[in-house]
Structures are given as structure tokens and as C-alpha cells.
Amino acid sequence: MYKAVSKRVTRSSGSGLKQTNVDNGGEISPTVDRVSEQGKSSEAGSHMPTDANGNGHLHHEIMDHGKGNEEQKPTPQTVKKDSNTNTKFSGSHRELVIGLPCRGQFEIHNRSRASTSSKRLGGGGERNVLFASHKRAQRSKEDAGPSSVVANSTPVGRPKKKNKTMNKGQVREDDEYTRIKKKLRYFLNRINYEQSLIDAYSLEGWKGSSLEKIRPEKELERATKEILRRKLKIRDLFQHLDTLCAEGSLPESLFDTDGEISSEDIFCAKCGSKDLSVDNDIILCDGFCDRGFHQYCLEPPLRKEDIPPDDEGWLCPGCDCKDDSLDLLNDSLGTKFSVSDSWEKIFPEAAAALVGGGQNLDCDLPSDDSDDEEYDPDCLNDNENDEDGSDDNEESENEDGSSDETEFTSASDEMIESFKEGKDIMKDVMALPSDDSEDDDYDPDAPTCDDDKESSNSDCTSDTEDLETSFKGDETNQQAEDTPLEDPGRQTSQLQGDAILESDVGLDDGPAGVSRRRNVERLDYKKLYDEEYDNVPTSSSDDDDWDKTARMGKEDSESEDEGDTVPLKQSSNAEDHTSKKLIRKSKRADKKDTLEMPQEGPGENGGSGEIEKSSSSACKQTDPKTQRLYISFQENQYPDKATKESLAKELQMTVKQVNNWFKHRRWSINSKPLVSEENVEKLKTGKEGECETSVAGSSKQTMETESVAEKPTNTGSRKRRRK
């Protein structure tokens, strides 16, 4: 008891010394520190104002008291006091007062250190100053010679910073109480997550719009069970926390009627000893656990500076953890639990649900019919059709043990028979042949499909007189091809195994037939188009997907506007069409091929356009620049940069022009006709006579016209082609 009282006196002695220093300035005047006043430290700033009016009386009193014993050393740094102005000292100047009892109060601090210490002592730094002043007073009593002045270079707040870093390192350790807090946060997050799902389907929404929303009943039921499970786990956490706080608590028999206990009966809850020392005192917890701890038995150890004052309470780590956990629980779920509440008061409804019938919380689907022994899902229809008398008879039979046994055996026999029947049906289905060789009514490999395909091919190849009939034939072929894919599904819907096999056969045969038919039709449609629209000007592009009907209508409108030049255009376009039908080239490829060889055509007596092309190709061949480029191209189709620069310098051309010439030349060689030789010969033999006659007739018509009209017709045809 004496040591506890002495501890409290120690904590309050600083304030008492401070009061005596202010009131009895003549007796204990060492609290006035002029050097600290100059540096604006925390002690002088908190106890003494710096202006002359507030500080003059106390300063004069101190100077009068020490007038006889005051001695000044003959140093050139001594500064005299001016009564009218404040005392000012430089950073290293100081004034010594002889005969004072305390030596540790005359400390020299720089302005920077004084300012930083005053900042550190903001808020809770006053207690540290009080403890430091008390320690200085004790040291002054022990020392005999007060005249020596020792300057302390370490500020008061410097070791406190180091201890803070140590405390931070110890807080990071994951102890038992920290793990409890983490688990509690996790459980609360899961509860809020599941509750948000329930709230999303429980709210009515704007004007009841959410009432029509489909509610996932099973999911909502699962969320409710999950919330109950989490609450039970939170209850278990607080139970574990209460058991930890009950370890080493003081028994109730040691307390008197007033709730007080003797200091001799207090022991440490961790080590169990009653030993006390100066720096390792036992501190009682002000929470609900009624335990005491040594300062160094706590983790982290509790220092004297961290002990709260008398009007503030101190909580042990267990009570502190429970307080924080309950605050977190109340803020999250809106409950009102206190630290004094035991774990039985936390979520009693969850425990009641567990005891009252919630043992199957871990099951996803509850079994409501678990106690119903008469339930049989296969006999519902039979029971509904029974008469009242039969129901009474069944009830009377259920009372006897023999009737139960007979019903059980009959039900089991029926189930076995039904299982055997289903097994026989499956065997019959699996025993069916995969290709339906024995089925006389249906044959998936019937020759109708092949006949339809052959008829489609024959229609595409034989019908060359009318284009519309070919389109109609194509539509009928597509319908005929789709029917064998649909019929197997209709005819074999009764047998599952056959339907699967036939659908697989249909899928295997379908894409191959479609791709084969499209390849043939593309060539046949081209031939039909050429035969049907032979005398109409067409485009000479190589794109097979080009919409030829739209192109034909556009060119018909242009041909009507240019009525005078139609014969010339027809003749030149007929020659271009037949020639490019044979070699399958584009306009750009034809222009580049003229550099290598003249364009071949079926008729030698062509129009003016053919004469111009041959003349331009001849000029290009005789051009020395072109010949030089041909020679270099034959040597290397991909020349390097140095070769291109040398050619450009030699032929007086730019490097870009030479590069473009090589690029176009390579493109013209690579874009060779994709038509086979057989198709070319077939087209030659089939149309050579017609083309020659048409070209000859057109040439005769053009020769009869005036020679002046040749140039505008050629330019007009070129403009039309560019469009």
C-alpha cells in the first residue's frame, strides 16, 4: 500500500513542485531558466510569459535574493540586464547564478532544438516535463556542490521517439487479441454481404416495381442460414475472449463490502507473483476482469510515462480488445452491447435457432418430409383416385406391423419390376443398328439427295438460255437439300439413339455438299452471265463476289446517254471482256504486262482501243529506261537500296519511281490467272466463233464512221471504265 501511494505522489510531485516554484520564488527560485526563456522552450513557455510586465516581478525577486552571493566570471560574453527591455542572450551566452540548489535546470539548448521540443510536447508533453523536473530535484538533493553546471545535450523528447518506434514494431506482432479482431471483421463483412442480398429482394422498389421480381428462394434461404452461422461464430469469439480475460483474475473473496482490496493481496495475473520493484509496479485494470499486471509482464511493457492520470482509467489488453470488438459490432449491426456484458448476451437468437431446430444449418436443402413414413412420390396419383373406404382401410392396415411389411415388399417389387422394364427398353434401343440397314420404311442414305445434287448440277450446266430459270432451279435445289436434313428428325423422334446417329450423319454430309455445289455454281453462273449478256458492256474486274446485276443496270443507263458511241464501246468492251476472261487479270495487271509482252486477243482486227494499247506497249518496250529496268529485274527481283539508287542515278529517275516500278512488276507477275488450262481451252472453243463475228461486225461499223469521232469515243470509254 505504501508503494502504491508513493507512486501516485511521484506522479503528482511534479505539479506540486511547479506550484511552489511559482508561489515561493524567493526560496526555490531555480525554476527560472533564462537560457530556456531565450530559446522559448516548453517549460518557460508554459509557466512564465516572455514580456517584461508579466515576468519582471519574479525576476527582481530572484535577483534581490541572490544579491550577496552573486558572482560574475570575467568573460567577455557576459551581458548586463536592462530593466526597461527584455533580457536577450545569444546562442552561447549564459548568466550564472551561484548559491542555487539545482544544477540541472541551467541547460543550454539551441533555438532549433527548443522549437522542436516545444512541438513534440504539444498535447501530452506536459507530463514528461513534470517527470523530468522531479528527477532533477532528486538529483540536486544528492549532489553536494551546486556551483558546477553541466549542459545536457539530449532533449527531453528524444528517447520518447525511440520508444515509439519500438512500440510500433511490437504492435505489428499478430497476437491472440489481434487475431480475434481480424476474425470479427471478416465475419461482419460476410454478414453484411449476405444481408445486402436479402435486402435487394425484400424491398418493394419504386411504386412496387420490385414486387414482380423473381425471388431466388433457395439463395435467400442460404443467405439467412449463412448469417446465423456467422453470428454463432461471433458468439464463440466473445466466449473465447471472456475465457482469456478470466485467467488470473482476483477472486471475489479478497474484496471487502466496499469493493476495495488490500495491496498485499494483489498479484500479477500473468506471472502470479506479488513482488514489487521501483520500475515494475503492479497496475490494476479498470475494466470488468479485475486483474493486475506487472509493468514488464505486459506486451508491450508499460512505462511510467504511459500510465494515465488518476481521473483516467487503464484497460488491460483483453478488456481493450473486447471494448474495440464491441464498438465494431455495434457500429456494423446497430446493436447496443457494453463491455460488462458477458458472451451469453451476444446473439441469443442464433443460439436459440440452433437449439430449436437449426441443427441442419450446414445443409443446403431442408428435409421437411423426413418424419413422414407414408410418403411415396410414385403413388400420388393412385392415392388421389382411391375412394374414402379404401383410405380408411389403409389407415387401419398401417397400424398393424404385418400390413407395413407387405406394403413395403410390394412397393419394392414394383420398383424392381419398373427398373427391369426400363433396363430392357434401354437394351433394345442400344441394340438397334447404327445405319438402319433393316429399316425398310426409311433410309438416310437414300439416292434422293444425290439425285437432287446431280439435278442441281445438271440445271446449272445445261440451262444456258434463261438466267431466271437457273435462279429458280437454285432455290428448288436448296429446298430439296434442306429436306433430308429435316426429315430424319421427324421420322426418328420416337427413338433417341437413332435420332442421335442420324443427326450426326446429316451434320457430316451437309457442309461437304454445300461447298461442292457452290464451287460448281460459281463457274456455271459466270458462263451463263457471259452467254446471256454478251452484247452489253460489262466491267472486267476479277472479283467473283461483285454484284453484276447492279453494275449492269448502271452501265445500261450510261449507254443510253451515249447513244452515238455505243458501237465503238461494244466492240472494244467485247474484245476486253473476251481477252480478260481467258487470262483472268485486272486492269492494273494488264497495264503492267504490256511492258513485257503485247496483249493477246482473239481478234487481230480490233478497234482503235486495241491499236492504242499495242502502240503504247511497243513504245514502252523500245524505251531504253524500261529495257534497263527489265534487265535489272531479271537479275534480281528484290534489289537492295544501293542498286535502286544507282539505277535512279543512271536513268535520271527518283528512287521512289524505281521502287514503284519494281513493286508493280512483281505484282503483275504474281497475279497470274487462276483459271485452269482446260477451262481456258473450253471457253476458247465455245466462243471463238461468236467473238470473232461480233468483233468483225463492230470493226466494220467503226470503219464506216468518221475518223474524227475516234478520239472522243475512246476518251468516253475510258471515263466510263474509271467510274
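Including glycine, each Cβ sits where the backbone N, Cα and C put it.
Not measured: the values here are computed from a predicted model.
What Swiss-Prot records for this protein:
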- 1-10: compositional bias 'Basic residues' (COMPBIAS)
- 1-94: region 'Disordered' (REGION)
- 11-23: compositional bias 'Polar residues' (COMPBIAS)
- 58-83: compositional bias 'Basic and acidic residues' (COMPBIAS)
- 135-173: region 'Disordered' (REGION)
- 265-322: zinc finger (ZN_FING)
- 357-628: region 'Disordered' (REGION)
- 365-407: compositional bias 'Acidic residues' (COMPBIAS)
- 417-427: compositional bias 'Basic and acidic residues' (COMPBIAS)
- 435-453: compositional bias 'Acidic residues' (COMPBIAS)
- 518-530: compositional bias 'Basic and acidic residues' (COMPBIAS)
- 547-556: compositional bias 'Basic and acidic residues' (COMPBIAS)
- 580-589: compositional bias 'Basic residues' (COMPBIAS)
- 614-673: DNA-binding region (DNA_BIND)
- 680-690: compositional bias 'Basic and acidic residues' (COMPBIAS)
- 680-723: region 'Disordered' (REGION)
- 695-705: compositional bias 'Polar residues' (COMPBIAS)
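Per-residue pLDDT, averaged across the zinc finger (265-322), gives 86. Helix, strand and coil content of the zinc finger (265-322), in residues and according to DSSP, is 10 helix, 6 strand, 42 coil. Residue counts for the DNA-binding region (614-673) under DSSP, split into helix (H, G, I), strand (E, B) and coil, are 48 helix, 0 strand, 12 coil.
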